[in-house]
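Step one of this worksheet: look at the structure below.
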Amino acid sequence: MANKFVITWDNMQMYTRQLAEQLLPADQWKGILAVSRGGLVPAAILARELNIRHVDTVCISSYDHDHQRDMTVVKAMEGDGEGFIIIDDLVDSGDTAVKLREMYPKGKLVTVCAKPAGVHLVDAYVVDIPQDTWIEQPWDMAVTYVDPIAKK
């Protein structure tokens with residue numbers, strides 16, 4: 001993927017707060033199920049904004065930094081997801097979302113970002129991303145010193 005969409009920490013907080021507004025009223029939720037690892041940061045923000053204390057994880061491995069690979073369920077929460085917000089950072093091809101729907105058919109599946117191939121699988125999201133675009137998440141980047149242009 002040649003195109004990149006960079007999400008800063010500030011943007012992630014802003015987008016996730018917008019997502020939280022779509023999930024009101026907060027008292028309808030028993031808890032949040034974060035899809036590890038991409039959903040961990042958004043889950044923390046949702047937990048704060050919706051004042052939800054019960055946060056669990058489902059660990060599904062399908063990416064290795066910049067490419068997809070076989071999906072493995074490492075850890076799962078018991079139950080059908082009823083009353084839970086299931087949060088991931090992104091729905092891309094939809095493979096992870098399909099698995100989550102199978103595991104938690106009564107949960108509310110939400111993502112911060114959505115690509116066209118998987119957008120129909122989520123109940124709510126905030127940012128549309130073109131299919132051929134790679135997302136750089138803030139936890140995958142570091143702030144580094146850059147020489148002034150005049151020194152180059």
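These residue numbers are counts, starting from 1, taken along the chain as shown.
Yeah, the Cβs are placed from backbone N, Cα and C, and that goes for glycine too.
Around Asp89 (5-phospho-alpha-D-ribose 1-diphosphate binding site), a 10 Å sphere centred on its CB holds 24 further CB atoms from the protein chains shown. The annotation 5-phospho-alpha-D-ribose 1-diphosphate binding site is assigned in Swiss-Prot to Arg37, Gly38, Arg69, Asp88, Asp89, Leu90, Val91, Asp92, Ser93, Gly94, Asp95, Thr96 on the grounds of sequence analysis.
As annotated by Swiss-Prot, GMP binding site applies to Arg69, Asp92, Ser93, Gly94, Asp95, Thr96, Trp134, Ile135. Other Cβ atoms within 10 Å of the Cβ of Ile135 (GMP binding site) number 20 in total over all chains.
Residues or ranges marked as Mg(2+) binding site by Swiss-Prot: Asp89. Under the three-state DSSP scheme, Asp89 (5-phospho-alpha-D-ribose 1-diphosphate binding site) falls in the strand class.
The xanthine binding site annotation in Swiss-Prot covers Asp92, Ile135 and rests on sequence analysis.
Other Cβ atoms within 10 Å of the Cβ of Asp92 (GMP binding site), summed over all protein chains shown, number 25. The feature guanine binding site is assigned by Swiss-Prot to Asp92, Ile135, with sequence analysis given as support.
A simple way to gauge crowding: the CB of Trp134 (GMP binding site) has 14 other CB atoms within 10 angstroms, across all the protein chains here.
Of all Cβ atoms in the shown protein chains, 27 besides its own fall within 10 Å of the Cβ of Val91 (5-phospho-alpha-D-ribose 1-diphosphate binding site). In this structure, the C-alpha atom of Arg37 (5-phospho-alpha-D-ribose 1-diphosphate binding site) lies 16 angstrom from that of Gly94 (GMP binding site).
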